[in-house]
Amino acid sequence: MVRKIITYPNPRLFLNSEIVNKFDTELHTLLDDMYETMIASNGVGLAAIQVDIPLRVLLVNIFDENDEQKKEDLLEIINPEIIPLDEEMITCTEGCLSVPDFFEEVKRYNHILLKYQDRFGEFKELEAKGFLAVAIQHENDHLNGHLFIEKISFAKRQKFDKEFKKKKKNHKKEK
């Protein structure tokens, strides 16, 4: 089932998500719904808080070298812990399903170790580089109540705030 994605400035986006302790059918349904929601929204990642569920659950499904997004490449990440493996940073243009129509460059670690649990509670580790590492860090920020717009420069944040207010004003006029 496709769920509704909550968008900025909804205060629930700024909640810290809770650790998952039950790896049951309810969690599996959430993961399946999140995948359907992410694909229907043309996303490469989604955190549970974005569908208004404050649990430490996220999905990442980036496009492969053939520009295809395959379900077998889907990462279901529960209770993640991210460890930078070096100090090298990478700058990528990021967007967010909870901050629609805004894209900006953000610096993040280029090489990380991800420790997490899968849908069955099994502990896993994954070394990630480049865009995969960036996508994981972006989604993990959601679990800690942060959005990518908090990582942009002051000037770019002012630009975002101005565009957001203008869009909100135009939306009210349309109603």
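Any Cβ shown, glycine's included, is placed from N, Cα and C.
Since we're looking at a predicted model, the values are computed, not measured.
The active site annotation in Swiss-Prot covers GLU139, and the record cites sequence analysis as its basis. What Swiss-Prot lists as Fe cation binding site is CYS96, HIS138, HIS142, and the listing cites sequence analysis.
Overlay of Swiss-Prot feature records on the structure.
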| residue | record | Cβ neighbours (10 Å) |
| --- | --- | --- |
| CYS96 | Fe cation binding site | 25 |
| HIS138 | Fe cation binding site | 24 |
| GLU139 | active site | 25 |
| HIS142 | Fe cation binding site | 24 |
Conformational class of CYS96 (Fe cation binding site) under the three-state DSSP mapping: strand
